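In Swiss-Prot this protein carries:
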LIPID     GLY2  N-myristoyl glycine
COMPBIAS  32-41  compositional bias 'Low complexity'
MOD_RES   SER49  phosphoserine
COMPBIAS  49-69  compositional bias 'Low complexity'
COMPBIAS  91-122  compositional bias 'Low complexity'
COMPBIAS  170-179  compositional bias 'Acidic residues'
MOD_RES   THR171  phosphothreonine
COMPBIAS  190-204  compositional bias 'Low complexity'
COMPBIAS  207-216  compositional bias 'Basic and acidic residues'
MOD_RES   SER209  phosphoserine
COMPBIAS  217-229  compositional bias 'Polar residues'
MOD_RES   SER222  phosphoserine
COMPBIAS  251-267  compositional bias 'Polar residues'
MOD_RES   THR261  phosphothreonine
MOD_RES   SER265  phosphoserine
COMPBIAS  280-289  compositional bias 'Low complexity'
COMPBIAS  291-303  compositional bias 'Basic and acidic residues'
COMPBIAS  321-331  compositional bias 'Polar residues'
BINDING   ASP419, HIS421, ASP447  Mn(2+) 1 binding site
ACT_SITE  HIS480  active site, proton donor
COMPBIAS  673-692  compositional bias 'Polar residues'
MOD_RES   SER690  phosphoserine
Amino acid sequence: MGNSSSKSSKKDSHSNSSSRNPRPQVSRTETSHSVKSAKSNKSSRSRRSLPSSSTTNTNSNVPDPSTPSKPNLEVNHQRHSSHTNRYHFPSSSHSHSNSQNELLTTPSSSSTKRPSTSRRSSYNTKAAADLPPSMIQMEPKSPILKTNNSSTHVSKHKSSYSSTYYENALTDDDNDDKDNDISHTKRFSRSSNSRPSSIRSGSVSRRKSDVTHEEPNNGSYSSNNQENYLVQALTRSNSHASSLHSRKSSFGSDGNTAYSTPLNSPGLSKLTDHSGEYFTSNSTSSLNHHSSRDIYPSKHISNDDDIENSSQLSNIHASMENVNDKNNNITDSKKDPNEEFNDIMQSSGNKNAPKKFKKPIDIDETIQKLLDAGYAAKRTKNVCLKNNEILQICIKAREIFLSQPSLLELSPPVKIVGDVHGQYGDLLRLFTKCGFPPSSNYLFLGDYVDRGKQSLETILLLFCYKIKYPENFFLLRGNHECANVTRVYGFYDECKRRCNIKIWKTFIDTFNTLPLAAIVAGKIFCVHGGLSPVLNSMDEIRHVVRPTDVPDFGLINDLLWSDPTDSPNEWEDNERGVSYCYNKVAINKFLNKFGFDLVCRAHMVVEDGYEFFNDRSLVTVFSAPNYCGEFDNWGAVMSVSEGLLCSFELLDPLDSAALKQVMKKGRQERKLANQQQQMMETSITNDNESQQ
């Protein structure tokens, strides 16, 4: 990172690539401007780039019209400056004719400025121009969610499934035994060079990190002999060989092609016996084995937990077995978590409900509380909201998610955000740069929690914006919005430490209702992970019944876990041990079949915050800069205009000290604005009294 020439080489490599799948004309304008950035010494490290190809002229190139042509885009990406790159995908139909593509590069001298008049309009215009962006009240924009009768019917159909659905939340007591805590060291390292370099990030550094997490108690569901919806647990091996073993993954049994998914995928095991244990000894140890190749594959930044020492792995498994032996002796008389959640929802609307649910939350006041907590730049022991307020937020968000389809169809303009991972300060920076809702429409691609230090504030603020602007603010599901992943990577521990286990269960129940994918303007397919070999129709996503957990294999699993690859194989098992990798052929087939121009996904750390793949037919967006405080990556947000002009707004990586300074400045602005508002209100009150 920090090597601008390497970056140019990477971007130029796409310019003269041959085309298997001709795409529409693409034009791009680039705006560069300088922004202060706090970069660590890591920025001097060089990065790997895509295979080099002949350099492209910066002037317009008109290729031979007799041959299919690709967008010829050159990006001069200098690491010391933040800039916006724009790519134009015409709103015309997906054409595969041999048309000419012209490169339009128009440098602009505009500098970084906070949007002024348009963002600063408000219901009450008094001193609106003096308010910081986080305090401005605006009229919501027109809804961008396209609705139709079929999606409404599906939503109604989904809500009726709650009586037969077993939520994937643990049934731990709030005072879990600390004896079940297991500490072990996980090694973060690079993978072998077997993966193609074009999809690995160059800002790779080997690091060691002590990760302490609590292993789950074996809870049990209450048995119901009249229902047959429990799934038999999948027995898995703890050996490394299990990651190489695969089973057929099929959305339907009539498919012509069978693909395989490794057994150690992150699905949830449920038993048909009366104990109904959520995590069995096998499934728990399998989860631990799976964590060795979890969220971000070693082909990019290997920040996932490669346990290289076999004896260390054996010790972990032995400890897991001891924990499970203890847990097997615990009898849990709790009722089904779904019934518990339904009881909460019923009590919230009942006249005889407890006092704590009688007073509905003020969503505007709640948002301001969360913003104040963020700008305070202090991680407090407790959340700024009460537990009953958190429950109400989850209940309201859950209802909205279920009222909207699993496959969102959105109209531009919209800003698309990748992984956030509990980096609350960076989320506030993102909103400051791109506009606080509702000044901009947003689509988040998932992974809101885990790894970061303020996952609760992050997900609560996003839920609050969803509640306030349900037709302009959208959240997709990521692979971290799942019970067993959050149990290992931090969100469970944070909920238990700062709230209680019931709060965590309620979040999991809400995660189970999140939509899975979105289509922008009928041309951009947005998803957290990627494609699936069993996806034959968009209706298969539309008709997914929610709430649902993340299964071991199949469509939902693939949408949340799959990754692109340069492999010659169209589909192959993923090195994560979960789902698949898909190559350029699979991407081109997908685009041709459904008439899309671009796949926009997240799920991977990329050094520049965004990274194109397969001649710009797929883009990875990652929005957590300085990820985990260990990697010097940038964060990015992809903005899609009404004319399908795609631009990228970048967040430079800040260390904790620099981030605190940014939050301090925001806190001072908010404090000053509050004082001015109070003075104005006092003045108005005095004037009214004097007139009377």
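For all residues, glycine too, the Cβ spot is worked out from N, Cα and C.
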Using a 10 Å radius around its CB, how many other CB atoms surround SER690 (phosphoserine)?
7
Take the mean position of the Cβ atoms of ASP419, HIS421, ASP447, the recorded Mn(2+) 1 site. Which other residues of that chain put their Cβ within 8 Å of it?
GLY418, VAL420, GLY422, GLY446, TYR448, VAL449, ASP450, ARG451, GLY452, GLY478, HIS480, ALA602, PHE622, SER623, ALA624
Sort the residues of the compositional bias 'Polar residues' (673-692) into helix, strand and coil with DSSP and give the three counts.
19 helix, 0 strand, 1 coil
Around HIS421 (Mn(2+) 1 binding site), which residues of its chain at least 6 apart sit with Cβ under 8 Å of its Cβ?
ASP447, TYR448, VAL449, ASP450, ARG451, GLY452, SER455, HIS480, ALA624, TYR627, CYS628
Measuring Cα to Cα, tell me the gap between SER690 (phosphoserine) and ASP419 (Mn(2+) 1 binding site) in whole angstrom.
55
Near HIS480 (active site, proton donor), how many other Cβ atoms are within 10 Å of its Cβ?
27
Sort ASP447 (Mn(2+) 1 binding site) into helix, strand or coil using the DSSP assignment.
coil
Which residues of the same chain, at least 6 positions away in sequence, have a Cβ lying under 8 Å from the Cβ of ASP419 (Mn(2+) 1 binding site)?
LEU445, GLY446, ASP447, GLY478, ALA602, HIS603, VAL605, PHE622, SER623, ALA624
Around the Cβ of ASP447 (Mn(2+) 1 binding site), the count of other Cβ atoms that are within 10 Å:
30
Can you tell me whether DSSP puts ASP419 (Mn(2+) 1 binding site) in helix, strand or coil?
strand
